[in-house]
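Following: one structure in structure tokens, then a few remarks.
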């Protein structure tokens, strides 16, 4: 039986959504094949484990919950595959420090310090198999500026955009507004570069609204991206699963919007019959078959270009009048792991989790084939000559 550390929470404005996703993963995991270990990461970055983390009702009072849990840490030491209790303590009648064995890590983070490559780097250093994209795919999938630059370099259809730094804007706000207006047409969307769930995003139809939108966005990030809005858009999403070039494509969905664009409240706070508070969606998306195929092929290409792994959801915009498709963004750890896009294909949430863990183990074996040493006499020569080369 594999011991799977399911990690959630984190230093992110999407903290609460991550808790829900993490508990959904644990709830739907096959307990005959896996032993789930809940690992909650607090807003301060500290890691906790304990049975109390399994009950969603306990999160109404997190300080009280954490008093019943124990802190753990993951040393970045290859081969340990252990979470150590912290402060470090020795096992009873032993000189060895107490720990929890871990075979696979299943990150269920959303947003910064979890979905952006930071945690993935730690898992990589510790040499533990982990679910989802690696450092590169996670980092590029989180930063909207780098993501859009890569899309543009690969001739993918995207809207016009520009980006700037918070300190550049604060140095001369009017000049930055002038620059944006000279490059882009209203209406526009202003977004923090490194957030998801529509947090910090605003639509601007004129200069005053543009100013207000930027003032909101700079509260969340040092880097801001501004995009031209698609006229009368329809949002369509598609999920991709697999590793390398062995990929599967899900059905497409069309979220039914409550407002002009899906806000955080729309996505997570409005209750849907039979759900845990989510967006109303149409599956499959009611669009022509050729557009469905076009979106599925683009989704696959995005997944490969960013070197993603495991599972991701790619979001698109369709201009209603022309039916032109635009790639919007990728979510390398989508909410609920987009299980609802795979269920109509006969892949239950439980089977989806199985696949993702299998991919994690397979990719880890592939990484193990890489050579990280190279025999050379360089240091011997340096010792003879001193530090000068």
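Glycine is treated like the rest: Cβ placed from N, Cα and C.
Residues or ranges marked as domain 'ATP-grasp' by Swiss-Prot on the basis of sequence analysis: 148-358.
Taken from Swiss-Prot, the feature ATP binding site applies to 181-236. Secondary structure at residue 216 (ATP binding site), as computed by DSSP, is helix. When other Cβ atoms within 10 Å of the Cβ of residue 216 (ATP binding site) are tallied across all protein chains shown, the result is 15.
When other Cβ atoms within 10 Å of the Cβ of residue 315 (Mg(2+) 1 binding site) are tallied across all protein chains shown, the result is 20. Per Swiss-Prot, Mg(2+) 1 binding site is recorded for 315, 329, and the stated evidence type is sequence analysis.
According to DSSP, residue 331 (Mg(2+) 2 binding site) sits within a strand segment. Take the CB of residue 331 (Mg(2+) 2 binding site) and look out to 10 A: across all protein chains shown you find 21 other CB atoms. According to Swiss-Prot, the feature Mg(2+) 2 binding site maps to 329, 331, an assignment based on sequence analysis.
A separation of roughly 26 Å, to the nearest angstrom, links the Cα atoms of residue 181 (ATP binding site) and residue 315 (Mg(2+) 1 binding site). Between the alpha carbons (Cα) of residue 216 (ATP binding site) and residue 331 (Mg(2+) 2 binding site) lies a span of roughly 22 Å. DSSP assigns residue 181 (ATP binding site) to a helix in the three-state reduction. Within the group of binding-site residues (181, 209, 329), the Cβ with the highest number of other Cβ atoms inside 10 Å belongs to 329. Within the model, the domain 'ATP-grasp' (148-358) carries an average pLDDT of 91. Of the binding-site residues 188, 195, 230, 188 has the largest number of other Cβ atoms within 10 Å of its own Cβ. A separation of roughly 16 Å, to the nearest angstrom, links the Cα atoms of residue 223 (ATP binding site) and residue 329 (Mg(2+) 1 binding site).
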